[in-house]
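So the structure is just underneath, and the comments pick up after that.
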Amino acid sequence: MSSERLLLAIVAVLVAVIVGVAVLWQPDAPAPAAPPTLPAGGEFTLQSADGPVSLKDFRGRVTLLYFGYTYCPDICPTTLSALTAGLAQLTPEERARVAVVFISVDPQRDTPEHLKTYVAFFDPGFVGVTGSPAELGELAGRYGVFYQRQPGGKDDAYIVDHTAETFAVGPDGRLLARMAHGTPPDQVAALIRQYLNQP
Amino acid sequence: MKRLSVIFAALSLSTAAFAGAADDVVVHEPYVRLAPPNAPATGAFMVLRNGGAKAVKLVKAENPASRLTELHNHINDNGVMRMRQVPAIEIPAKGEAVLKPGGLHVMLIDMKAPLSEGQVVPITLGFDDGSSKVVEVKVQKVMPAAMPAAAPMQHGQHHH
Ligand SMILES: [Cu+2]
């Protein structure tokens, strides 16, 4: 390589670096403080007692997704009660822009009709959905959700281990956050408000 | 008449002696969680205090509202809740066992009929020495304030 070519190559690299910095430089952007990585999340269509429900049906709203099953004696009711209490702290205008979707990972026992009655106990506006094992498995993978039927128990009395986090999806369908099991209602309300008011 | 009362006293004494662990354990703040009407199962929670000098084990529970009653625990495995039947719940000497949401519970499985708020479910607690006691437990709507402290929320990075 001639020294002239080498010089040209160096200049080209420098120009690329300068252009790159100029394009990417955002003095206002806060330094990313190593945020936890969120799963990809994304679209789905599952079955409710009132027909198919898709995540995109809730565009413009903050949607809270919870993966559980109605045989769950404690963990699922605790979460759904906390969401109910959290939503009660919102103004009616804010409340109208929030959806809660309970996704049963136990379609063998939880029919859409059964789910409708179950979630209505917490809030008549909550939506209960489920799907085929294949659909649920694929969706759970995208949301980083684990669930597994435990051996033992009679035909109808088995336990399902499952991720007990609640997922917050933004008005544009993007997965924004996940809340740990046991998040108290005021934190639920604060999280919803934060994402409702986000530009 | 006097003899009869002596016999009664002796009888009640022997009952107390036989009661054993059941007499040492006092149950505080018991409640059954009011579940959705079609929920197949629910949980009973309480604090068991052992005033005795010996550890006591709760080994079984029975109730007339469900077809099956089991002792359970929850293990939070990195956000995954794993519920497991346990053979016994130990109540240390002069100590307590806390049955609360997210942890130990008496699980009422396969309800015979939906429970209603305020209804009383008599739960029979059986201990490792063969003694037992009946606790009248009210069905309550569980307030989320009674939940365990939460881990911090995880927010994602916002890509623009
Ligand atoms: Cu249980």
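Note: Cβ is positioned from N, Cα and C throughout, glycine not excepted.
Residues annotated as Cu cation binding site in TrEMBL: A:C72, A:C76, A:H162. Sequence annotations record features per position, and here TrEMBL assigns disulfide bond to A:C72-A:C76. Taken from TrEMBL, the feature domain 'Thioredoxin' covers A:35-197.
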### Task
Would you mind checking how many other C-beta atoms are within 10 angstroms of the C-beta on A:C76 (Cu cation binding site)?
27
### Query
When DSSP states are folded down to helix, strand and coil, where does A:C72 (Cu cation binding site) land?
coil
